[in-house]
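These notes are about the structure you will find just below.
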Amino acid sequence: MTDTAFKPRVFSGIQPSGDLHLGNYLGALKRFADAQNQGIQSIYCMVDLHAITVWQDPEALRHSTRELCAGFIASGIDPEKSILINQSQVPEHAQLAWIFNCVARIGWMNRMTQFKDKAGKNAEKASLGLYAYPSLMAADILVYHATHVPVGEDQKQHLELTRDIATKFNHDYGVDFFPITEPVIEGTATRVMSLRDGSKKMSKSDPSDMSRIALTDDADTIAKKIRKAKTDPEPLPDSVEGLADRPEARNLVNIYAALADMTAEQVVADYAGKQFGQFKPALADLAVARMSPITTEMARLMADPAEIDRILTRGATRAREITAPILRKTYDIVGMVGPAA
Ligand code: ATP
Ligand code: MG
């Protein structure tokens, strides 16, 4: 991690927009858990305000928010060591986002590829919230003065925008108030691809359930999805260079490497010349072995929703000890009175 003048602090969020999947686990959750013991204060967030930028059924949203909290804990995030929160329970996120809407430029927003992907052909019908999403994301991060944000590859552009907002705010008001946050995009699974299409990332919002392995899938379902994953007829090559033009094969090798804590080179060395008929069952066994303890623990936690709600209420109280003074100071810098202390 790079040094900045600000106290190191980690922030990252996941949307309660559907079933957590292997991409979320390898690109985000597993890495959060691995980083937890580095002694850096970390805030992990269920970003429900982001989820509603596209339609969410209210009951499903309530369920997904709790299930996501269970997913964080089951993946190894300790709600005492880290701060675990639900975004809408910490109002300073949305309050700072408004100020950032007035800092960010429309031209910057027009370049955001996630908006283009999610709005699709009919961008006129997309919500204003989906368009402003990256400004709220900047607020999520900067309302904690977070210095480091572990995310998947797909969020790189939003992190750059967060840096642009911080830089412009600091410049416009002549302060050095917001840190220039570093994205942390590391490991072999920063972009896990759809099992049906090697050119698309695995996503909660993909309409095809076969495109992703969910953290709630049982062993048979995981094995079936891997068996049916798109591949090509060639055997595995003897070097990673041999995967360059084979996106589906590369994806399965990267998933194996990330699950086994190996490099892609080591995986290829072990399976060089083998057919997918041999590789896929090995990958399925590995995925089941790694994921089923998480699935079981999530189910156990979900049996006591009141306890999950208590954890989130406590997380919000702890979070606001950080966010309230930062927002107050922001209002001050901008010249606004803001709410009473
Ligand atoms: P949605 O389709 O609703 O946007 P999502 O699957 O993209 O859902 P998010 O909640 O948007 O998930 O992202 C949560 C975290 O997981 C982010 O850090 C993001 O970069 C990471 N992530 C999402 N998809 C992948 C993926 N396929 N590979 C690696 N990391 C991913
Ligand atoms: Mg996403």
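Here the Cβ of each residue, glycine as well, is placed from N, Cα and C on the backbone.
Where the annotation comes from TrEMBL, it is an automatic prediction and has not been curated.
Record note: TrEMBL gives Gln15, Pro16, Ser17, Gly23, Asn24, Gly152, Glu153, Asp154, Lys201, Met202, Ser203, Lys204, Ser205 as ATP-binding, and the candidate from Val143, Val192 in that site is Val192. Only residues 6 or more beyond the boundaries of the motif ''KMSKS' region' (201-205), in the same chain, are considered here, and those with a CB under 8 A from a CB of the stretch are 15, 17-24, 54, 118, 152-154, 191-195, 211-213.
Checking Cα-Cα distances from Asp140 (L-tryptophan binding site) against the binding-site residues (Ser17, Glu153, Val192) with a 10 Å cut-off leaves nothing; none qualify. With a cut-off of 6 Å between Cβ and the nearest atom of ligand 1, the binding-site residues Gln15, Asn24, Asp140 reduce to Gln15, Asn24. As a whole number, the greatest separation of Cα atoms within the ATP-binding residue list Gln15, Pro16, Ser17, Gly23, Asn24, Gly152, Glu153, Asp154, Val192, Lys201, Met202, Ser203, Lys204, Ser205 is 19 Å.
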